[in-house]
Amino acid sequence: MSERAPVVTIDGPSGAGKGTISQLLAERLGWKLLDSGAIYRVLALAAIHHNVELDNEDSLTLLAAHLDVQFITGNGSKGIKVVLEGEDVSNDIRSQECSNAASKVAAFPRVREALLRRQRAFSEAPGLIADGRDMGTVVFSKAPVKLYLTASAEERAQRRYNQLQDKGFDVNIDQLLTEIKERDDRDMNRSVAPLVPAEDALVIDTSQIGIEEVLNIALAHIETNLSGVS
């Protein structure tokens with residue numbers, strides 16, 4: 001396939017900083033944003049709202065085909081605004097329950113295929129920042145710029161703990177670490193679109209570096225590989 005606009009893919013495990021960097025890049029460049037992980041969390045939330053079982057691939061696929069989701073940037077420290085059928089669900093989809101459910105529904109091949117078409121439709125001028133787990137390997141495999149962000153499981157658990165605490169959720173960091181390791185194992189070893197860096201992706205370990213440094217590395221890589229982008 002050929003993309004209709006320049007696409008920068010950002011893949012990696014949960015908590016590596018993909019969401020923050022994707023938002024900052026989209027705002028800095030004035031590009032569209034696709035949060036693939038949020039799409040799966042939105043689908044999981046829609047399934048919960050509509051009483052669809054998380055192991056019912058037929059019903060989940062039908063729900064995915066009609067999923068109405070939008071991403072709105074420019075909200076500053078509040079992050080990306082995620083809208084499902086006209087309702088702001090930005091906080092709802094960040095719960096640990098929804099996060100775990102998203103990983104489960106993402107394991108179904110036909111569900112992924114239904115959402116694949118929707119994700120590719122986000123590629124519009126002037127460009128797209130695509131944040132996910134298989135953006136560079138599957139969804140936008142011909143994207144000119146691919147990044148892969150990673151960090152230790154312990155660092156990612158701490159970040160998730162801080163994030164959920166700030167949002168008022170009562171969480172246990174040891175439980176979070178266990179869930180993150182289990183999710184990594186599921187995502188990296190599933191038969192369909194496992195979580196791995198694309199062969200031509202720039203891998204950035206964010207464990208010991210700050211947001212600004214990661215952003216500068218990403219921008220420099222984009223500018224090097226895409227002419228006319230600054």
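Cβ atoms are placed via backbone N, Cα and C, with glycine included.
Feature list (source: Swiss-Prot):
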{"type": "BINDING", "residues": "Gly12, Pro13, Ser14, Gly15, Ala16, Gly17, Lys18, Gly19, Thr20", "note": "ATP binding site"}
Not counting Gly12, Pro13, Ser14, Gly15, Ala16, Gly17, Lys18, Gly19, Thr20, residues with a CB within 8 A of the CB centroid of the ATP site are Leu149, Ala151, Arg156, Thr206
With neighbours defined as other CB atoms within 10 A, the best-packed of the binding-site residues Ser14, Thr20 is Ser14
Provide the number of Cβ atoms within 10 Å of the Cβ of Gly12 (ATP binding site), excluding the reference atom itself. 26
